[in-house]
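Have a look at the structure below, then the notes.
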């Protein structure tokens with residue numbers, strides 16, 4: 001979901017999983033560091049202190065309601081902005097239907113994943129603190145490495161997508177004020193390059209702050225910002241429908257012959273756009289990667305997975321209703337002209353200051369979300385490099401630099417160069433392919449099947465020791481295979497969208 005408020009706390013090094021950050025730091029649940037040895041841990045067979053759980057950590061305090069709120073906060077993000085466009089491609093029948101089907105699939109696979117929080121017995125087994133630990137405990141081997149590779153590639157793609165989305169929102173602020181001053185007479189075309197460069201410079205600065213993604217107030221700001229622009233988008237959609245006094249759109253989606261920025265929509269392009277819409281919806285729903293971390297905040301009894309199943313049911317229901325409202329109201333407002341980013345579609349409308357607030361909220365959210373996604377990738381590369389070139393001062397040396405009013409900053413030249421290069425590369429790629437919907441579709445397609453469906457199903461089969469060719473095994477494999485086909489179709493449609501956009505695109509000269 002473009003920016004969603006989440007972390008990926010695991011790192012992989014030659015197949016070994018390491019716990020990097022604890023998401024409970026984000027969720028404000030008191031925790032105790034892991035015991036350094038078995039002797040330090042509380043005897044699981046003994047009488048526990050009222051202050052500690054069976055793993056020696058402070059007792060978890062999470063409940064059904066806190067878990068529900070964490071899931072909703074994590075899921076609802078910038079992915080909501082493309083839902084009106086997605087429903088616009090599919091129409092009034094297929095659009096909401098597909099969204100509900102995605103919700104059911106994610107609800108089901110999330111329930112399977114919740115039972116993998118503990119290895120072996122779902123009530124008394126050893127806890128897995130992260131998604132990657134669950135994969136390692138239940139599957140192991142190459143699948144751990146493959147899962148890590150998919151995660152890190154997804155993080156790289158998200159950084160590109162966030163750069164594009166941030167620049168679009170920055171331009172939307174400028175254009176809404178331009179429209180207001182000219183009374184809508186000036187088309188206010190402008191290039192996105194300057195805004196992408198500005199966003200890149202900001203991220204280069206924040207990237208030099210070690211563990212910036214763990215700043216305690218970051219998730220609070222992200223949650224407030226995401227609900228701000230999501231609510232504004234919904235409110236403006238409702239207001240626009242009331243102004244039109246009718247619902248725009250059709251049962252089958254965008255009409256053949258509709259003129260878009262990429263040209264006239266043909267029957268083939270309608271197919272590609274419909275498939276791309278699947279990726280956009282998948283992107284808006286993806287949150288499986290943090291389910292285990294959220295579950296690790298829940299107190300017991302009852303068993304954590306039982307509470308998590310109830311929380312998942314309520315949160316997915318609330319999220320789906322909210323998504324349907326945002327997507328349907330946006331489509332009803334614009335019909336075939338539904339924009340890829342809902343808030344940019346209101347550029348000609350008042351109150352322009354409300355649009356500015358919503359788009360500013362997106363930018364603020366994305367600045368922090370970029371770091372939330374990229375810091376784990378930064379740490380992985382830096383840890384690997386430290387082991388690979390342990391004697392290199394360029395890689396390992398830290399230099400203390402006193403900064404007035406801030407304190408001492410530890411400068412590492414490798415971190416400075418590598419993180420700067422990373423941000424520059426993602427910014428350049430975003431400038432070369434500034435196609436918001438295409439990138440969102442690709443990210444949704446790439447992450448949906450492996451992380452949301454395949455690994456949860458495989459872990460569940462392994463943990464429950466379900467034999468091959470049993471009815472349960474066959475049913476789950478059919479679900480996995482179907483979702484794989486959906487991901488492939490969404491990826492094909494999104495890549496086709498990129499190819500189509502490139503036909504009319506001039507590198508570094510795109511204007512909106």
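Just so you know, glycine gets a Cβ as well, placed from its N, Cα and C.
TrEMBL entries are annotated by machine, without manual review.
The annotation domain 'Amino acid transporter transmembrane' is assigned in TrEMBL to 60-499. Feature annotation from TrEMBL assigns transmembrane segment to 64-83, 90-109, 149-173, 215-239, 313-332, 352-373, 416-436, 442-461, 473-500.
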Candidate ranges 64-83, 90-109, 149-173, 352-373, 416-436 - greatest C-beta contact count to the transmembrane segment (313-332) (under 8 angstroms): 64-83
Maximum Cβ pairs under 8 Å to the transmembrane segment (215-239) - stretch from the list 64-83, 90-109, 352-373, 416-436, 473-500: 352-373
Selection from 64-83, 149-173, 352-373, 416-436, the stretch that has most Cβ pairs under 8 A to the transmembrane segment (442-461): 149-173
